[in-house]
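Encoded as C-alpha cells, the structure appears first; notes follow it.
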Amino acid sequence: MKKIKIALVGQPNVGKSLLINALCKANMKVGNFSGVTIEKASAKTFYKNYEFEVIDLPGTYSLDGYSEEEKITRHFLNQNDYDVIVNVLDATNLERNLILSAELLSLNKKMLLALNMCDEAKKEGIELDTSILSQEFQSQVVEISAKTKENLELLLQKIIILFESKFIPRSQFYTPLCEKSPEKEDLLYFINELSKKIITHKKEERNLTKKIDALLIHKFFGLPIFLFLMWLLFQLTFSLGQIPMDYIESGFNTLGEFVKNNISNTFIASALADGIIAGVGAVILFLPNIMILFLGIALLETTGYMSRVAFLLDGILHKFGLHGKSFIPLITGFGCSVPAFMATRTLKNKRDRLLTLFVINFMSCGARLPVYVLFIGAFFPSEKAGNYLFGIYILGAILGLCAAKFLRMTAFRGLDEPFVMEMPKYRMPNWHLVWFMVYNKAKMYLKKAGTFILLASLLIWFASNFPKSEENLNDFNAQERAIEQSYLGQFGKGIEPIFQPLELDWKLSVSLISGLAAKEVMISTMGVLYSLGKDVDETNNDLKGIIAKNIPIPSAVAFILFVMIYNPCFAATIVFSKESGKLKYTLFLFLFTCTSAYIVAFIGLHIAKILLN
C-alpha cells in the first residue's frame with residue numbers, strides 16, 4: 001500500500017477542518033473564527049491501495065505573515081515533508097483566497113486546488129470557470145463541498161493521479177509571486193483581473209448575513225443580545241442538567257449502599273463505596289451540565305456568531321488593555337484553559353499575548369462548573385440557579401477585565417494595535433460535527449474521571465482513613481475524630497490557619513489544594529470527606545444536603561470566589577508555561593491568581609455576612 005502525505009493549506013474559514021473530517025471521519029474541532037486550527041493536526045484515510053495522511057495546517061492569509069499560525073504553516077511547507085499540497089479555497093470568496101494560492105505556487109510543488117463550498121456558491125448565483133483557473137495556475141481544480149461530501153471521491157482520485165505523475169516545474173506565469181511591495185500590489189491587480197474572468201454573478205448577492213448583522217452587532221442591541229444568549233446558555237446548563245443529575249446521583253448512592261451491604265470485608269467495601277464510588281460518582285454527576293455547556297459553545301462557534309461577538313466587544317476590551325482578538329481565547333476559556341492558552345497564538349504582539357494568557361484564568365473553565373453547580377444547588381432554589389450561575393461567570397469575566405487593566409498599567413505596558421478580523425458568513429451548524437465536538441469533550445471528561453480522578457479518589461480515601469482509629473466508628477463524633485487524626489486530617493489541620501481568615505474549614509482547604517491538580521478533584525475530595533455523615537443523617541443523604549448543613553453561606557461564597565480565580569489545573573499550567581515561554585511567568589501566574597483569589601474571597605466573605613445580617 002502506497003502512502004501519500006498531503007499538506008492541507010488554506011485561509012481561515014475555508015472549511016479545511018470540515019474537509020478533513022469528511023475525508024477521514026476525524027473528530028476534529030470546526031469553527032468559524034480565525035485560528036481554529038491552532039496546531040498542526042493530522043488524520044488518515046484509505047482509498048483503493050493508498051493510505052492518505054492529511055496534515056491540517058493552521059489557517060493563514062499569507063506566507064509572508066508573522067503570527068504563530070503563519071510561522072507554523074510556512075515552516076512546514078519549507079521542510080518538504082509532504083507529497084502534495086491541497087490548497088482549499090472558499091468558492092464564495094474566491095478572489096481573496098487566490099492570493100495565498102499564488103504564493104503557494106512559488107514553492108514549485110505538486111499542488112491541487114480544491115474549491116470548497118461550491119454548493120453555497122451555486123445558491124448565491126456564483127458561477128466559476130474552473131478551466132481558466134486551472135490554465136492560469138497550471139494546477140488541477142476540483143469543485144467540492146465538504147458539508148455535503150460532493151466530489152470528495154473525485155478529489156482523492158485527482159490526488160492519486162497528481163502523486164503518481166512526474167512533476168514538471170511550472171513556468172512562472174507571474175514573476176514576483178512571493179515578493180513584497182511594490183510587486184505585491186501588482187500581484188493583487190493580477191488576481192483582481194483574473195477573478196473577473198473566472199467569477200460570474202447570475203443574481204444579486206444574498207444579503208442575509210448583513211441583515212442578521214444589523215441586529216446582532218447593533219450599537220445598542222448587540223451587547224444585550226449577547227448577554228441574553230449567555231444567560232440562556234447557563235440557565236439551560238443548570239435546569240436541563242438537573243434532570244439527569246438526580247437519577248445519576250440516586251444511582252451512585254444505591255450502588256454505594258449495595259457495595260457496603262454485600263461485601264463483608266469492611267476495608268474493601270469502604271474503599272469501593274467511600275473512595276471510588278463517592279469520588280468518581282461525584283464527578284460523573286456533573287457530566288450532563290458539561291455536555292450542555294459545550295453544546296452551546298459549539299453552536300455559537302459553528303454558526304459564525306463568535307466572530308461577531310469579538311467585533312462587538314473590541315471597544316470594551318481595548319478600554320481594559322486587551323486586544324479584540326483576545327476574545328477568542330477568552331471565550332474558549334469557558335470550555336477549557338488548555339486550548340484557550342494555545343489560541344493566544346492568534347495574537348501577534350507578545351504583550352497582548354501574555355496579557356491574554358494571564359486573564360484567561362479568570363474565565364471559569366468547564367472543570368469549575370461542577371463546583372458552582374454543587375454549591376448553587378446546595379444553597380439556592382433551583383428556579384433561580386441559572387441566574388446565580390450566570391452571575392458567577394459574568395463576575396469572573398469582570399474581574400478578569402479589571403486584572404487586565406491592572407496588568408496593562410504595570411507589567412505589560414505598550415501601545416494598542418488595530419483590530420482586523422474576518423467576518424464569516426452565517427451558516428447552519430453541521431449537527432454531526434457539533435455532536436462529535438460535544439462527544440469528544442464528554443469522552444475526555446469521563447476518561448479523566450476513570451483514570452486520574454479514580455486514583456486521586458483512592459489516594460484521598462486512603463489518606464483520610466489511615467492511620468486507623470481504635471474507637472468505635474459507629475458514632476458520628478468518633479468518625480469525625482478519626483478523620484481529623486488521619487494523614488489527610490493532619491495535613492488539613494496544618495494548612496487550616498492559612499484559610500482561617502476566609503472561614504474555610506480544613507476539609508474545604510484540602511479540597512482547594514487538591515484542585516491544583518485538577519478542578520474536578522475538588523468534587524471528588526468533598527465527595528470522600530463529606531460522605532461520612534450519610535449514614536448518620538438520613539434527611540441529608542446527598543452531597544448537596546451535607547454541604548448545606550455543614551458550611552455557612554458566607555464561607556461558601558468565599559470558597560466559590562477562590563475557586564473562580566486561583567491557579568488553573570496542572571495540565572493547563574504546563575501549557576501556560578510553554579506558551580508564555582518563561583518559568584518566571586508561570587510563577588507569577590501562581591502568585592497573582594492565588595493572591596487575587598484570597599483578596600476577592602475575603603471581601604466576598606464579609607459582604608455576604610453584611611447582606612445576611
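Just so you know, glycine gets a Cβ as well, placed from its N, Cα and C.
The range from 154-174, 322-342 that Swiss-Prot describes as transmembrane segment is residues 322-342. Of the Cβ pairs linking the transmembrane segment (556-576) with the transmembrane segment (357-377) and spaced 6 or more residues apart, 3 or more are under 8 Å, so the two regions touch. Between the transmembrane segment (387-407) and the transmembrane segment (266-288), the number of CB pairs under 8 angstroms, six or more residues apart, is fewer than three, so the stretches are not in contact. In the three-state DSSP scheme, S145 (GTP binding site) falls into the strand class. Here the binding-site residues are D56, D119, and the one ringed by the most other CB atoms within 10 angstroms is D56. The binding-site residues recorded for this entry are L57, P58, G59, and the Cα of G59 lies nearest to that of D119 (GTP binding site). DSSP assigns M117 (GTP binding site) to coil, not to a helix or a strand. Sequence-distant contacts of the transmembrane segment (322-342), counting only residues of its own chain at least 6 positions beyond either end whose CB sits under 8 Å from a CB of the stretch, comprise 33-35, 38-39, 293-294, 297, 306, 309-311, 313-314, 349, 352, 355-357, 359-361, 363-367, 393, 397, 400-401, 404, 408, 416-417, 419, 421, 441, 568-569, 571-572, 575-576, 579. If you draw a 10 Å sphere around the CB of A146 (GTP binding site), it holds 27 other CB atoms from the protein chains shown.
Considering only the binding-site residues M117, C118, S145, A146, the residue whose Cα is spatially closest to the Cα of L57 (GTP 3 binding site) is A146.
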